[in-house]
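Going by TrEMBL, these are the annotated features:
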type	residues	note
REGION	B:1-30	region 'Disordered'
TRANSMEM	B:81-104	transmembrane segment
DOMAIN	B:137-353	domain 'ABC transmembrane type-1'
TRANSMEM	B:141-162	transmembrane segment
TRANSMEM	B:174-195	transmembrane segment
TRANSMEM	B:276-296	transmembrane segment
TRANSMEM	B:332-356	transmembrane segment
Amino acid sequence: MRRQPLVYLTLLVSLILSVFPLYWLFVVATRSNDVIGDMPPPLLPGGNLGENIQRLFGPEAEEAHFARGMLNSAIASIAVTVSVVFFSSLAGFAFAKLRFRGRSALLLAVLATMMVPVQMGIVPLYMVMVKLGWQNQLQAVIVPFLVSAFGVFLMRQYAERAVPDELIEAARLDGCTTFGLFLRVVSPALRPGAAVLGLFTFMGTWNEFLWPLAVLDADNPTVQFSLSQLATQYYTDYTLMFTGTLIAIVPLLLVFVLFGRQLISGIMDGAVRS
Amino acid sequence: MSAPGQATGEQSGAHTQPVPDSPGTRSVGAASRLDAVGGEGQGGRGRLRAAAGTGTVGSGGGLSAGRRGLWSRLDLYGSPYLFIAPFFVLFTAFGLFPLVYTAWVSLRAWDLTGDAGFVGLDNYSRLLADPDFWNALVNTLGLFVLATVPQLLLALIVAALLNRPIRALLLFRLGVLAPIVTSVAAVAIVFGQLYGRDTGLVNGILGLIGIDPIDWQASRTSSWIAVASMVNWRWTGYNALIYLAAIQAIPRDLYEAAQIDGAGAIRQFRSITVPLIRPALIFTVVMSTIGGMQLFTEPLLFGQGDVSGGSLRQFQTIAMYMFEQSFQNFDYGYGSAIAWMIFLLTVIVGVANALIGRRLRGGTQ
């Protein structure tokens, strides 16, 4: 017990280190440019947030196409999340609870694909997009990501524990078709796992950077692309950059505030299982 | 299994006692029951078995006609493939095919003017003689070490502390997790300002203790430290939670026995905690390896979006070099060869890490 103050001190320092950059982001976004670089630094928020937001969406920062970026990212993230959650649950359930020929080999294939960094296929993926005429089209950042090997694996692990075999047998004997079984019996049981997968998928898609940069143009960006435009075109205008960054992480902060506990248990759960 | 979960199970068990007549509604009943338990297994086992029993009784008359039998056979044997098909189809089209195609493109001279034909391993031999490639490789490996070692050590310490009986546990957990919900681009922008030469907070604070401003982008060492700190900041809390989960799975009596044997806290940590969470350690090392070999956004935005990573390429990673060759020089063949080198590197470093992990096991036992 003697060491308890030291424990709190260390944790408090980690907490401050973790949160300070986010707080600093907020402080700068609410200030004007002339206080940047002041020593001692401004540690309290100022009153310029409204004005900065207006500048962000106004003609001054039009090359960043920020509103367009937010909208594109919202559409892409929601579409990808819904699709990944649905197809992962379906395949995860099949792998966990249905018997079929070649099941373990196919599952191994899913696992192997998890190890491959998909990022390194971006050159040919780009060529595929050129063939399809999808350059600078929003579907280019949606369609390739509609399924996820990680999602299938996660939902398979979850279904293994969450869906009792007895329940499936019972429903089968009741004359339930396999898809009916999935809809009425399995998917309610998978809901907590699917929620965690959905949260991570949404955050991942919202944060995707390299691929949108490769396949989209600056006039039709995702939000992260817009941010990089802000950071390169307006890199001396710190308050503008920081305001954009703040707005861009609002959906993530919302997810964090509303579902923080689920995220924690999702991370901790996944780790024990894998 | 937590106590509240069991309580919910008990309640929902009570209201499902009256078994409805038609099979269809019974399935719905079963579904909502599971939903109430939240899908968390054991608490409801016995009850579910009971449900299965009643199901057997009710199903006798259902499957009589031959045609229906064929239909349900088709459903039974075909459905699993139908369920996994979307994944495999889409993955083949947009995941596997590009990978294989990368290999094909890397063997050809292919640029903006089009495909100029098969050139064998020319792209690869050019790569091995390319000083910019070796520079990017050194940068990637150096950044990987600087970004991973402190990250995992800190995560281990934070996890050990979070495992103690402390107040405001959720606050601390949420606090250390906050960085992970921030996007990489956001991290890069904020840290880019913090490390700014003239107006950055870091130089400002260093100035207070009499250190001259550092041009963080200018030298290899300083730019590596700056970029690595972004990665460290973003991932430490995530790894700490993974370690915490593994630590909590260790049986308490091991520690009690060690305590009786007179082992102190540090000794317990070294001899019980670390060996027993080795799977979690290996998992985080592998994940960090995959991430580290593909490092792109942080160094890119640290240098204001310049893919060459500084005037002397002092912080250009391999992923940045691939991007530069593919999408700025439009040398698709060469870019594809670099992509394969990233993959190869990931495998090599991953295997090396796994071997080190195995050595560690040999050491502790």
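Any Cβ shown, glycine's included, is placed from N, Cα and C.
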Is it true that the transmembrane segment (B:81-104) and the transmembrane segment (B:174-195) have 3 or more Cβ pairs under 8 Å, skipping pairs fewer than 6 apart in sequence?
no
Which residues of the same chain, at least 6 past either end of the transmembrane segment (B:174-195), have a Cβ under 8 Å from a Cβ in it?
158, 162, 201-203, 216-217, 226, 229-230, 233-238, 240-241, 297-298, 300-302, 304
What same-chain residues lie close to the transmembrane segment (B:141-162): Cβ under 8 Å, and 6 or more beyond its ends?
169, 172-173, 176, 224-225, 227-228, 231-232, 235-244, 247, 269, 273-274, 281, 284-285, 288-289, 292-293, 295, 299, 315, 317, 349
Residues of the parent chain within Cβ reach of the transmembrane segment (B:332-356), under 8 Å, 6 or more residues beyond its termini:
102-103, 105-111, 119, 123-124, 126-127, 133, 137, 140-141, 144, 282, 285-286, 289-290, 292-294, 318-319, 321-323, 325-326
Are there residues at least six beyond either end of the transmembrane segment (B:276-296) with Cβ under 8 Å to its Cβ atoms? List them, or say none.
140, 143-144, 147-148, 151-152, 155, 227, 231, 235, 239, 242-243, 245-247, 250, 254, 317-320, 323, 342, 345-346, 349-350, 353-354, 357, 360-361
